[in-house]
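As recorded in TrEMBL:
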| type | residues | note |
| --- | --- | --- |
| BINDING | 18, 19, 20, 21, 22, 23, 24, 25 | NADP(+) binding site |
| BINDING | 198 | L-homoserine binding site |
| ACT_SITE | 213 | active site, proton donor |
| DOMAIN | 358-442 | domain 'ACT' |
Ligand SMILES: NC(=O)c1ccc[n+]([C@@H]2O[C@H](COP(=O)([O-])OP(=O)(O)OC[C@H]3O[C@@H](n4cnc5c(N)ncnc54)[C@H](O)[C@@H]3O)[C@@H](O)[C@H]2O)c1
Ligand SMILES: N[C@@H](CCO)C(=O)O
Ligand code: NA
């Protein structure tokens, strides 16, 4: 192996790590194991000068005990750090620590999508003013390079549509429920044990984590500030085995999908929800904690990014990629490209969004019912593409009194669908709630 000869004036760039959990531990390991390679790639060595943890008494084999402190603010206020890596997660104290680091002139690497989707403007503006970097490749889709491609490689193109699976935990759960009929709770515990889930997995299963990522992707794709709370968000907690079985009966799988799409010159739609995907679509085959993102741009056409979306080591790969890049910038006395926010596109109300729907309901099993249901849909300008009627309950036993109807619609607006659902609910021929899932990729 060729070793780089150390030059005079090769002062180490000093690095502070905040948080030593699933991702932080792997980042510390990579920095310590690959120090020589990183130095050669950067042109200056890195020196890890401190690791802030919450619990000092915990054993962390392989990491020098002298580096640890339980005072992250004190570590930053020493003012020695060139680069601060934030991996504690959540809003506070992460927000204040990052702002302090920037005030002290340090560049920042973070994986914290929740924070950036809520306070990105404040943080990016502070960094711009201070002339330092804030890099966050690990914040979206773990190891997959997607932030850099949007911010740099595709910045000369016009992006129209971004769609993908951006949460590893929920993809793992849905995949286990689909392929092994594992129940929801057991699959969630497995995802937590494997280090995929957030500290509070509510963020994963209720879709908030994917919504934060969708906001970051939309901001980059459309050069428009989108916050996490502007994203229409539905998680997977209401998905039951019967939804997955019914989806399979019509040749689809259920995935939690994030979509950011330009609707017209003034509006974008940004949403996260469980979605039916046809089995032949590439997203249908994305299993486990893998993520995949489609990007459609005017000149480039359709691109797909695929890889591990969660987990300690994969996420640490994205963090150390940013670390080396930020350190290179630092060594040359420059800052890298920031987000370019210059548009003010509006996030459209969900009611205006058009998609196909998969409806499932039980109806009285008698002649003419299908025509009644079709008439209600037609009344709301919703036309039916296919109908599947199962004159039995989900256990396969014919009960004689009701039948299950599964309907795939053509494109319709969400507001028409909701009005239609109210009318269906009120109709005496309908004997159950009307379950609906949106459909993409057909
Ligand atoms: N785990 C993943 O797969 C993954 C993937 C991408 C991004 N992320 C993001 O990376 C970040 C870290 O995630 P994680 O999975 O490593 O979480 P984690 O809970 O395993 O680790 C966070 C660590 O920070 C420590 N901590 C919390 N508050 C602290 C404080 N005030 N001072 C010092 N230490 C403190 C905790 O004790 C914990 O050890 C989060 O922003 C998360 O969203 C995680
Ligand atoms: N909890 C997140 C981590 C990666 O951001 C997930 O499951 O995708
Ligand atoms: Na990434």
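Just so it is clear, glycine is given a Cβ too, placed from its N, Cα and C backbone atoms.
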The average per-residue pLDDT within the domain 'ACT' (358-442) comes out at 90
Validating a neighbour-count step here. Other CB atoms within 10 A of the CB of residue 19 (NADP(+) binding site): how many? 26
Inter-residue Cα distance where the pair is residue 198 (L-homoserine binding site) and residue 19 (NADP(+) binding site), in Å: 14
Just to confirm: which same-chain residues, 6+ apart in sequence, have a Cβ under 8 Å from the Cβ of residue 213 (active site, proton donor)? 113, 117, 139, 140, 141, 166, 167, 258
Other C-beta atoms within 10 angstroms of the C-beta of residue 24 (NADP(+) binding site) total 27
Cα-to-Cα gap, residue 22 (NADP(+) binding site) vs the residue listed as 'L-homoserine binding site', nearest whole Å: 10
To the nearest Å, how far is the Cα of residue 21 (NADP(+) binding site) from the Cα of residue 198 (L-homoserine binding site)? 11
Just checking: which of the recorded positions 18, 21, 23, 24, 213 have a C-beta under 6 Å from ligand 2? none
DSSP secondary structure for residue 22 (NADP(+) binding site), reduced to helix/strand/coil, please. helix
To the nearest whole angstrom, state the Cα distance for the pair residue 198 (L-homoserine binding site) and residue 23 (NADP(+) binding site). 11
